[in-house]
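Participant: Could you have a look at this structure, given as C-alpha cells, before my questions?
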C-alpha cells in the first residue's frame, strides 16, 4: 500500500537511506565486537571496552533515527543482512582505533553520497536532516579518532604496552 504522507521523496533517496541504515548497523556490530574483545581477561583494557560499547550504541541510534525519518517521509524500511565484522581479534588498542577511524571515514563518505542523492532529487528536508544530525558529528568523531591514533603512536604503541595502558586509563577512562 502506498503511503499517504509521501511527498517529494524520491525512490533513490529511500533506497540510499536503507543502505545507510545497513551500514550504521554494521558499524554498531563492529564496535560491539571491539568492545567485548577489549573486555576479555587476556586483553583487559576497560577504557577501550567502554568507548567501543558507547560507539556501538551510538551507531545503532543513528540507524534507528534513519528508520524513524524513513517512516516520517512515507518511505519503506527494507532491512538487509548485516555483514559480520571484518575480524574477530582486534589486536592492540592502536590497531582497533585505526580500524575505527577507517570505519568512521567510510560511514562519512556514505553519508556524503546519501546527501548528494537527496540533493540531486531536490529533497531539502533530507539534506537538512543529514546536515543537522550526522555530518558535523562524523567530522568531529573522525578528528577525535585521528588525534588518538597520533597520540598512541607518539607514546610508542603498539610496541610499548605501557602506552596503551596509560591511554586506556587516562584518556578513555575519564
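Just so it is clear, glycine is given a Cβ too, placed from its N, Cα and C backbone atoms.
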Participant: In Swiss-Prot, 59, 62 are given as binding Fe cation 1, so which of 24, 98 is in that site too?
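Facilitator: That Fe cation 1 site, as Swiss-Prot gives it, pairs 59, 62 with 24.
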Participant: Check Swiss-Prot: it lists 59, 104 as binding Fe cation 2. Then name which of 20, 72, 80, 138 it lists for that same site.
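Facilitator: Among 20, 72, 80, 138, only 138 appears alongside 59, 104 as Fe cation 2-binding in Swiss-Prot.
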Participant: Taking DSSP states H, G and I as helix and E and B as strand, how many residues of the domain 'Ferritin-like diiron' (7-156) are helix, strand and coil?
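Facilitator: Once the DSSP states are binned, the domain 'Ferritin-like diiron' (7-156) shows 114 helix, 0 strand, 36 coil.
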Participant: Within the same chain, and leaving aside 59, 104, 138, name every residue whose CB is within 8 angstroms of the centroid of the CB atoms belonging to the recorded Fe cation 2 site, in sequence order.
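Facilitator: Result: 27, 55, 58, 62, 103, 107, 108, 137, 141, 142.
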Participant: Taking 8 Å from the centroid of the Cβ atoms of 24, 59, 62 as the cut-off, which other residues in that chain fall inside it around the Fe cation 1 site?
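Facilitator: Going along the sequence, the neighbours appear as 23, 25, 27, 28, 58, 60, 61, 63, 66, 107.
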Participant: Between residue 104 (Fe cation 2 binding site) and residue 62 (Fe cation 1 binding site), how far is it from one CA atom to the other, in Å?
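Facilitator: Answer for this pair: 13 Å between alpha carbons.
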Participant: Measuring Cα to Cα, how far is residue 62 (Fe cation 1 binding site) from residue 138 (Fe cation 2 binding site) in Å?
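Facilitator: Here the two Cα atoms are 11 Å apart.
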